[in-house]
Each structure stands twice: as C-alpha cells, then as structure tokens.
Protein chains: 2
Amino acid sequence: MVNTVEATAVNTIRTLAADVVHGANSGHPGAPMGCAPMAQTLFSKFIKVNPKNPHWANRDRFVLSNGHACALQYIMLHLLGFDVTMDDLKKFRAIDSKTPGHPERGWTEGIEVTTGPLGQGVSNAVGLALAQAQLGATFNKPGFEIFNNDTYVILGDGCLQEGVAAEAVSLAGHWKLGKLIALYDDNKITIDGDTAVSFTEDVQKRFESYGWQVLVVADGDNDFEAIAKAVEQAKAETEKPTLIKIRTTIGYGSQHQGEEKVHGSPLSADDIKNVKQKFGFNPDEKYVVPQQVYDFWAKRAEENAKVEAEWNELVAKYQKEFPTEAAELKRRLAGKLPEGWEKALPRFTPSDPAVATRKLSETVLTALSDVVPELIGGSADLTGSNLTRWKKAVDFQHPSTGLGQYDGRYVRYGVREHAMFAIMNGIAAYQGLIPFGGTFLNFLTYGWGATRLSAVSHLRVIYVMTHDSIGLGEDGPTHQPIETLALVRATPNIYTMRPADGNETSGCYLVALENDHRPSVIALSRQNLPQLEGSNIEAVRKGGYVLHAEQKPDVVLAATGSEVAIAVDAAKLLEKEGLKVQTVSMPITDLFDEQSHEYKLSVFPQNTPVVSVEALTVFGWQQYSHAQVGMTTFGASGPIKDVYAKFKITPENTANVAKDLIQHFKKIGQVPELPCQRQ
Amino acid sequence: MVNTVEATAVNTIRTLAADVVHGANSGHPGAPMGCAPMAQTLFSKFIKVNPKNPHWANRDRFVLSNGHACALQYIMLHLLGFDVTMDDLKKFRAIDSKTPGHPERGWTEGIEVTTGPLGQGVSNAVGLALAQAQLGATFNKPGFEIFNNDTYVILGDGCLQEGVAAEAVSLAGHWKLGKLIALYDDNKITIDGDTAVSFTEDVQKRFESYGWQVLVVADGDNDFEAIAKAVEQAKAETEKPTLIKIRTTIGYGSQHQGEEKVHGSPLSADDIKNVKQKFGFNPDEKYVVPQQVYDFWAKRAEENAKVEAEWNELVAKYQKEFPTEAAELKRRLAGKLPEGWEKALPRFTPSDPAVATRKLSETVLTALSDVVPELIGGSADLTGSNLTRWKKAVDFQHPSTGLGQYDGRYVRYGVREHAMFAIMNGIAAYQGLIPFGGTFLNFLTYGWGATRLSAVSHLRVIYVMTHDSIGLGEDGPTHQPIETLALVRATPNIYTMRPADGNETSGCYLVALENDHRPSVIALSRQNLPQLEGSNIEAVRKGGYVLHAEQKPDVVLAATGSEVAIAVDAAKLLEKEGLKVQTVSMPITDLFDEQSHEYKLSVFPQNTPVVSVEALTVFGWQQYSHAQVGMTTFGASGPIKDVYAKFKITPENTANVAKDLIQHFKKIGQVPELPCQRQ
Ligand SMILES: [Ca+2]
Ligand SMILES: [Ca+2]
C-alpha cells in the first residue's frame, strides 16, 4: 500500500478503533475497521460540516445507521475537530461520558440522530433528506441555494434486513430524494455468522425496484478512489437516491478479519499489536494520531469553516433581497414559534355540537396550518380516518408526479407506520419543521421502535392517533387498543394525551407544540363527544384538572377522553342519590405528575375515594384511583354502544363501582392514601 | 359473460358481499368484490379443506392477509359448508357474532389466523409454510406424504407496504418455501386513493430480488382461467414461493368500481341494485345464493371429504409401518406434551454458581430439546447473545444450502424481529410445533404488532427476551428496556415472566409450555445471578411467592429477576437494624393476579408496607407495592455496576426507601390497602 496521507489517515481510524474498543473492554471494532475507508472518503472529500458551529443549518447530514460502529463516528468527530477529545475516546462506553455505547443526539456534539436500533438511522436519513427538499423548495430562490445539503448514511446488513428500513427506502425512491446517499458496508457478516444463513436476497435488485440508483465498489478496503468516484456519481444523480454497495472486510487488519468474532468484542491485545504492525504503527503505542493526520484534518476544518462563511454571506444577501422569507428562516432556525400563534387555537362552549376529537384535531390543524407553517403532517394511508389533512394542503411529492410539490406539507406515507415515525424523527432532527403523523392508536405499536427514539432523543414529534379505544367499534379487537396508553405513560420523556372535547384538543396541541424537547402522543376518538362544562384550553397545561368542584366530595370521578362524558353522567346519577361528586379530567397524566403536591391534592383530596374511567387497560391507574372502570381483556367487534355496554364502561356501572368503593372503605375504616397524594 | 356456474358463483360472492356489508352498515365491500374470482378459483379448484373436520392436519391453509375483506372469507366459509350460516352472515360485525369485523382465529371455524393488522397474515403464512416443510421433513416417508399441504394467501397493497411483510417474504425466499402461494390483489387503490401517491415501487422486481417466482394475471376480474393457470404454475414451482400479481378492479360491478369510495364503506342501496342487475340477479332480493351455486359447493365438499378420507387411510398404513413415528404424530396433533417432560427441567440449590438467566434458559432449552421435540426456536440474529441454540441443534434451512435441513429445528431469522414474531404465530397456528424466538427485550417492541396478535389469538408462542434491563450495561439507553414489561403486563392473555435464578427459569418454561392457549414473554438477564435460598420451580406456578417468610413483618420487599438478589441483600441490611423483612419473588405478576385472595394476603399481609424493586419502569407496580425502587427515566451507557449505582437500584437505597416508607405510614397513621389486597 502506498503510504499516502490518506492511507495513513484510514489506518489511524482502524488502529484507533481497535484501541478505543479495547479500552472500554466492550464494543464493536469490526465495522469501524471495515468502514474506515468510506468514512475517511466521506468526511475528507464530501461532507461539509463546521465543528465550530455544529448546528449550521445547511451542513451535510451524516447518519451512522449501524450505530454499534460508533467508535468510528466518535473518532471522526475527534479528527474533524468537534468537541470529542482523545480523553473522551478513552472513556468510550463509560458512564456519563461523551462517548456512550451508541450515538445519542443531543448528548454528543455532531451526532445528528440517535442510532443503534437497526434500521432507524437510514429511515431517519430519509426524513433528513425530505426536510432538506421541503425547506429547499420553500426557501431557495434562483441564485440562493439556502438549503442544498446532502444526507449521507453508512449502513450494514442489519439495517437492510429491518422492515422499517424497507418501508423508508421505498418512500425515498418514490419521493426521488436525489440528495440521499447511502453507503452499504457489504461485509457478508452478521452476528449469527455468514449472511448466507439468513440474508440471501439480491439487495441491488431490490433497491432498483424501489427506484434507487445502485452503484458497486468491489474493494472497499483499499480502493479509496472507487469509493470517491461512486459518491461523485451519486451526487450527479439528482432524481434518485443512491445506494453504494461497498464490499468490505469486517475487522480489516485483524487476524480474524472477515469473521463474526471481530463484530461485537474487542480484539485481543496481541491482535491489536498485529494490526498496528501491519499498518506501520508502533505496536506499543496506544491512541495514536500521527501529526500529519491531525494536520490533514485541520486543513479540512479550515475549508469547512470557509464553506459556512460563504453560506452566511449568501444568507446576508438573501436577507436584503427577500426580507420576509429571511425573517421567517431566522425564526425557524431559532426554533421559535410565531408570536401569538396560540391565539389561533379554536375555543368551544358547552352549547357547541358534539364532535369527535379526531375531527376537532382536524379543526386545530386547519387553524394552525397558515399560522405555524413549519407544521408538516401526514398519515399512514388513513388520511380520511385520521383527518390529518387540512383542505388547502399541498402534498409533498416530486413535481414530476403531478400530485404535489416539494414545498408541499402533507405527506402520504402509505401503509408504513414504522417508517412514518422514523422519518418524522429525521424531519424533527433537521430543524425548521415540526412533523406530525397519523394512524390508528392501535398501530402506534407497529412503529414503537421509532417512537421510543423520539423520546430518547428529545424530538418534538406529534403522534396523531385516532380511533383510540374500543370506541372504534366494528373493526374489533385487532384494531382496538387496550395496552397502548399504558405503554406510552410508562415511557419517560413523552406526553400521553387524551383530550375529552374541543377545548382539550386545542390544549393538547398547545402543550405538544410548546414542548420542543419531547414527543407527544395525542389519542383521539372516532366517536362524537360533547363539549364539556368546565373544560378549558389552558387547564390542559396542568395535565389534569377539576371539571366540577365540590367541597369535601364523597367521591372523585376521574376520566380521560371519551370517558369524561361518561364520568359526568355517572356523577349525575350519584348526585341523584345525594352524593357529592368531584369530576376530574386527566388529559395528560404525565404532565399532572409534574405538578405541585398542593395542586395534586386539590384535584384528588385526601381521604376521598377515587374511581377512574378509561376505555383502555386499567393498568397503571392505581396511581390516581382506588377503583377502575376500564378494560382487562381485549375488546370486541360491534357497534360502539354494544361494545361499551358489553364491557360495562357506562355511567350506570361507574356509579355502582363508586358506591361499592365508598362502602368498602367504610368497612375497612380507611381511605387509602393514593400514590399520587404522597409528597 | 358466459353464464357458467363458475361465473354465477363468482357473482354470488360479489352480490352477497355487497349485501353483507350493507347489512352491517359497516365494512369493506370493495376488496371482496374484486377478489371474488381468485377466491372462487382457489377454493373450487385448489384448496383442500374439510368443513366437517376443520382441524384436519394436512388441510391446505388459507390466509386472508387483507383481513378487512373478511366478508369474502365468511362467505367462502358459508359456501364451503363450514359452521357459518346465512344468519351469521346477516350478523356481520354485530357484537358476539361469528362474523366479527376482522377474522379471528379460534372464534370462527375455518379461520387459520387472525388478520386485519396489515402485513401480519402473509407473514403468518410464511410460518404456516415453514411448519409444513418442517413437519413434512420430520414425518414424511417415501410413499407417505403425511404433510404436503399448500399455503395460500390473498393480500393487497397494504400488506406489501408493511415492513413486517418485507421481512417475512425475504425469509420465505431464502428458505425456498415452494408451497407458499400468494395472490396479490393488484387494484391500484389504497385508502388515500391511487397507489401512485405513495406506492410506486416495482413489486414484481422486488419479489424476484427475494428469490420468489412472480406471475402476472392481466384481467383478474374476468379471466378465471388465467388465475387457475397461474396457480397451477405456482404449484409446479417447488423451490420458490410464488407471488401471482392479479390486476383487479376494486368493487367490481359497483357504479364506483375502481375508486377508493368502495373500499371502506357499504355501497348505497341503489348501487347494490345496480350490481345485482348487472350480474343477472334479482335487484329486490337480498342474501341470495342460487341453488346451483349451493349444489356446486356441495359437490366440492364431497370431493374434499374424500381427500381427507384418503389421508386418514394413509395415516392408518403409516401407523403400521412406522408405529413410533405415528405415535409421535398422534401426540403432536392432539397438542399433548410428552408424559413426564417436566422432569427434564433442571433444578438448582443455593450452592450452585451464579449464572445469567439467559444462560439458564439455554440450559433449559438444551435439556428440553430431546424431550420436547416440537420445540422449534431461533433468534433475530442474536444467537450468541440470546443463547437460544442448543449445541446439537440443526438449522432449519433448505438442504441445497448445505447449512441445514428442513427437519432442522433452529431458525435463523436474521435481523427481523417483527417477522420472527409473526412467523412464530404462523408456526403455532399450524399445530404440532411450539415456537420460541429470541432477541433483546428492548426489541420486543419492534414486533409488538405480531406479539399482540399472539395474545389476541391465543397462540402458545414463547418470547425469549434477554438483556432485560439497564443491566445490559454499555449498550446504553437505546438498548435498555424501560417501558417494555409494563406494556406486556398491561396486555391481556399473555404472561410476563422474569425469573430470578435457575429454578425460576425452569419454572417459567414450565408455565409457558403448560399454557397452550397463550403466549409468554420470558425476560432474562445478561448478568450473572445467584441461586436463591427458597426459590423453587413449582412455586412459579403461583406467579409470586414468599422467598423468606416472617410472622408480622415490618416490611415486605418484592422483586423480580435480577433484582430479587438485591432485595435479599436489602433485607439483610434492614435485619441488621432489627426489622423483620419478608422477601417476595414475583416472576409472573399476571399469574399472581389469578391466585386466591387468601393466597395473595399470605404474600402481601395487610397493614404491612411493601417496597418493590425492578430495574425497569415503576409504572404499574402500585398494584403490589407502596413504594418502588426502579426506573423513571431512560438508562445510561456504562458498566453494569455503574449503571445500577447511577439509578440507585441497590440494596442500600432499597433499605432506605423501606425505612422512609415505614416512617411515613407511621406519620399518616395508616398503611394503605393495596389494590392487590382487595377482594
Ligand atoms: Ca454486516
Ligand atoms: Ca389495494
């Protein structure tokens, strides 16, 4: 091998990766060593990022979809000059270090999206590329390419096997996202050994079937030029995303190169010495970056800084020629919502007609569509049911289709829930757009792999989940969520919302948009619901609130969404029997948990029996209530009234449960302290 | 159109579908009307089933993957002579009827698998075909084709867009499942309108890339012969699954045929009249099956009965020639476990070394591999981590690969969790095999769409979920489950298992295998755990039990899995301070819920503070404990000890929480009744 700087730089990555993983005594050396040439090529010749300003808006995006190879990414960030020191590399996988076991957005500078769960990164990248296309179409003007960055992905066999990726890359082909370039680390190895055991499809043909350009690099270990040429070719193709299939050797340089062994465990100390010797490094030195390599990257950093400086000049000129657009651009990039946007939220009074909350959600989205232009929404092929599309919406489609435009803000995801969620994560991560997406609540768990990452990585993604209970009726148990809200509530850093009427629907959107650091799941009814006495938008900010107050009530009835009206009717029944009933609506339980002890006791007074009503699992309600009206089995197919009657989610049964509870506590001589009442 | 019986039969399906959906005032007429010719062709010419014995072992399997078209399936069952009467058809989508909104296995005779959630059915079908191949290779002898049935699927655009299906069909191609035949209802319509809006990939090319044969029928509305010919050709290809792409018109016959309108709502009364007129039916009559059509199907039923009779004769001969195999066959088909199998479960004493429960699971699986030969397991490319493979296992692979055999019992699923779960559902539904499959617990939610259907449809599927908490350490929050067990516990009809040591691991498998009508999720540790004093296999049958009993304890410490040892150590700390501590292990909380009130109070005595310890979300534990040691945030990357310390899941913190709790209840003058203590 010619000892050019480039070769030395590649071998620096390889030896450093071996050291970093060995230092942690845990991790994945094989992929970083195999992918070193493609990473070197991408970051030295193509990817424009500025380590001094990691959030520069038009930077190229890089996603390591095989996130377990993150030693590679940390090393590249270090070399590029991001805030990842050699010391940080030495703390790889140590607690609270900047270099955790998988890349975490928001934790380590320069990480665009959190990866590791396979298939997510490449799907996020589709969202990043969509966001570039959408913002480019929205803001660019002739001579002013404000948004024209590329999105690069490295991915492995694992990502290609995951269904979420299959869904997302099919959409990328449909959308003709020409600025999306994926480098496939084709090393013929997975954890179970040779890919021959389970992955024998023709990947090239498959990607061509999706409308991708596919290029092949035969020797990704040594032929750096071929890699660069392929990337050039990918950039030249502007109407198709490109997959570059690069044949590599996992753990290249190790005595066990090409074997599964080097995938998920450190190389032995001896093997590392061998690697270093092979690549002309001192076998007795660790964590070495030759000065010429540092110099090489310092030069690249200068070039990069210049590129951003030029872009800043361009934006300055843009500001003069297009002051309105420039002001909007500035606002978007600052992540600020338009002044007074919340005034557009519709308000209701009890005399307004009964409407399904999914329909009320449509009203909110319609009202916000002009006021909050960064909203970009869609549905997984349930537009007419989720009611996610405002009337004037333009579809996000390649202009050649005649079905929409790239500056369209309505996204047709097809029947691809998991990809929709992962793409929304990518859109949110890009900055400048707020994604929302709809499906039936029951199908939230088709894509939970992505939803959990919305929460882990603090992304403002809005899940518009309609048909949110057995109230969907005839479609039956396969479509009726039972366990779903318990899942969301059990998950940190995500709001679980279930509005009861129009004001609460507005309130839920208020909270979802205000919270720019977490996702929200809004559960919405299929069936019509009355506008409630006592409901209001701002009260939703407390998560739970008193709808009808009583001094020293005999019992509290707490409910969410479509069951609040049932609780209100149950209260009437109980009042007829002389009981004082306080009714409580709990649209966002997790937000209620954040309130003061005093406030919580005002909603759930001590020594007062509480019954909750929710037409989903009762699991978890024991925090707030002593007895639960809800589901303990799967649902059933039938007209909504019959289904509610079958499972006794009715005012009559609620009233009976309340009376029994009051009696029981009289008998045992205590009203037990509720978990939510403890300080 | 020539008015042959066949044409009349097809039009009977179409008019009846329109009536059935109209009668329910809810449902999907379009697909049944468009798919009538393929259904007619399949059931009249190919599919061998016996309505008089719906569980005949070698019947052809039929899966309606687009389950929303189930009016079609119910009509076919009715015509075939299954226990679905015209009256049942009239009760389509009515509560508790035999004809719910989506087909439900175990509820309606003749339904093989529960479908509706898109992508599941075709993936189940891959499992059904795998089961046939595996049992065929196991039991067939020259001249004795005991298992040689075909598996037929009808699917639509929706199923093809779902990632789970992409994963599953890739595996079907890899496994060369030649007896799997899928008919694709290519009607160019999805709910959002023309497939052009989101589904423009080249399906034919994609399936060819997976190693499928793809055939095309240009006119699926009228060219019945072409459909039959294609199915013949599919049957002739024995080394590849076949996709037959059949161009159809959704709602064929309606005034709105070919439009999205006819997908999900009944046709108007006028339009139904028009349909009937068009097809030569009396527009004023409803629910009509011409006698000649009934006669036609009666004849088919006779032929079908003969086919089963011949098979029974074959089995009788087989019994004479191969009595051992025949006895085994009989046992398997009866769904009985081998006499005394449970004696093979390993037992441990506290002097045995500390071992990770994933490793103990491997020991159980190894011990059972010979004793329970219907166990067929695998992993989603984490074999070495999940430890799901016993040493002598043979891989399930097509013999031509040289990597295994069709009678192999270890399945290499690749990185395809969702397909693995859906395929396991298909395997379990076939009868004669018990599937288990492994991945990290965190990735259970990559495939929850299928897991929920294991529960809905009462299938004995065993989920071997390792690395079950923050205890997986360095891989960090993207891989550490937090919310996952709450999800499983909130789901009806599934057992959530988290064994603490060797005896409990054996006990969990005991319960999982004994329960033939529900799935089980076994959560297993990455880290080593001591063999506990007081643990035992049979106690697991109670779900929760006292590990160390005390008379009138000051406090109860309850825990699961890896945290039981932490609770035991916390008890020692408290005992040093003079407190009496009862320790409780809760390996299967849902099973504990089924115990008697008296038993529950023996575990959790009244008026006694309870602290629970589990290194996952505390959400839901309020049923059993007054205070919880556990997770309320996502985890962190680091060595296990550091991670547990960071989140205070330690004996010291547990002891402190217990002491604070005791103080608090003294202060408020009550120990609140726990939900699990109420009768
Ligand atoms: Ca690989
Ligand atoms: Ca269709």
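Each residue, glycine too, has its Cβ placed from N, Cα and C.
As recorded in TrEMBL, the features of this protein are as follows:
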type     : residues                                                                      : note
ACT_SITE : B:Glu417                                                                      : active site, proton donor
BINDING  : B:His28, B:His263, B:Arg358, B:Ser385, B:His467, B:Asp475, B:His479, B:Arg526 : substrate binding site
BINDING  : B:His68, B:Gly116, B:Pro117, B:Leu118, B:Gly158, B:Asn187, B:His263, B:Phe443 : thiamine diphosphate binding site
BINDING  : B:Asp157, B:Asn187, B:Ile189                                                  : Mg(2+) binding site
DOMAIN   : B:355-531                                                                     : domain 'Transketolase-like pyrimidine-binding'
SITE     : B:His28                                                                       : site 'Important for catalytic activity'
SITE     : B:His263                                                                      : site 'Important for catalytic activity'
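Features as recorded by TrEMBL, highlighted on the structure.
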residue: B:His28; record: substrate binding site; contacts (Cβ under 8 Å, 6+ apart): B:Val21, B:His68, B:Ala69, B:Ala71, B:His263, B:Gly264
residue: B:Gly116; record: thiamine diphosphate binding site; contacts (Cβ under 8 Å, 6+ apart): B:Gly67, B:His68, B:Cys70, B:Gly101, B:His102, B:Pro103
residue: B:Asn187; record: thiamine diphosphate binding site; contacts (Cβ under 8 Å, 6+ apart): B:Gly30, B:Ala31, B:Gly34, B:Gly156, B:Asp157, B:Arg247, B:Thr248, B:Thr249, B:Ile250, B:Gly258
residue: B:Ile189; record: Mg(2+) binding site; contacts (Cβ under 8 Å, 6+ apart): B:Gly30, B:Asp157, B:Thr195, B:Ile250, B:Gly258, B:Glu259, B:Glu260, B:His263
residue: B:Ser385; record: substrate binding site; contacts (Cβ under 8 Å, 6+ apart): B:Arg358, B:Phe440, B:Thr466, B:His467, B:Arg526
residue: B:Phe443; record: thiamine diphosphate binding site; contacts (Cβ under 8 Å, 6+ apart): B:Ala380, B:Glu417
residue: B:His479; record: substrate binding site; contacts (Cβ under 8 Å, 6+ apart): B:Phe440, B:Asn442, B:His467, B:Leu472
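Checking the binding-site residues B:His68, B:Asp157, B:Asn187, B:Ile189, B:Arg526 against ligand 2 with a 6 Å cutoff on the Cβ atom leaves B:Asp157, B:Asn187, B:Ile189, in sequence order.
A straight line from the CA of B:Gly158 (thiamine diphosphate binding site) to the CA of B:Asp475 (substrate binding site) spans 35 Å. Apart from B:Asp157, B:Asn187, B:Ile189, the Mg(2+) site neighbourhood in this chain, defined by C-beta within 8 angstroms of the site C-beta centre, holds B:Gly156, B:Asp185, B:Asp186, B:Lys188, B:Thr190, B:Thr195, B:Ile250. Following the DSSP three-state reduction, the secondary structure of B:Ile189 (Mg(2+) binding site) is strand. Of all Cβ atoms in the protein chains displayed, 29 besides its own lie within 10 Å of the Cβ of B:Leu118 (thiamine diphosphate binding site).
In this structure, B:Gly158 is the one among the binding-site residues B:Pro117, B:Gly158 with the smallest number of other Cβ atoms inside 10 Å of its Cβ. Counting only same-chain residues six or more apart in sequence, the Cβ atoms lying under 8 angstroms from the Cβ of B:Asp475 (substrate binding site) belong to B:His467, B:Ser637. Each of the recorded positions B:Asp157, B:Glu417 was assessed for Cβ neighbours inside 10 Å, and the highest tally belongs to B:Glu417. Around the Cβ of B:His68 (thiamine diphosphate binding site), the number of neighbouring Cβ atoms within 10 Å comes to 27. Here thiamine diphosphate is bound by B:His68, B:Gly116, B:Pro117, B:Leu118, B:Gly158, B:Asn187, B:His263, B:Phe443 per the record. The longest Cα to Cα distance in that group is 34 Å.
Put plainly, the binding-site residues B:His263, B:Arg358, B:His467, B:Arg526 were compared by Cβ crowding within 10 Å, and the winner is B:His467. Across the residues annotated as binding substrate (B:His28, B:His263, B:Arg358, B:Ser385, B:His467, B:Asp475, B:His479, B:Arg526), the two Cα atoms farthest apart lie 48 Å from each other. Summarised as a single figure, the pLDDT of the domain 'Transketolase-like pyrimidine-binding' (B:355-531) averages 98.
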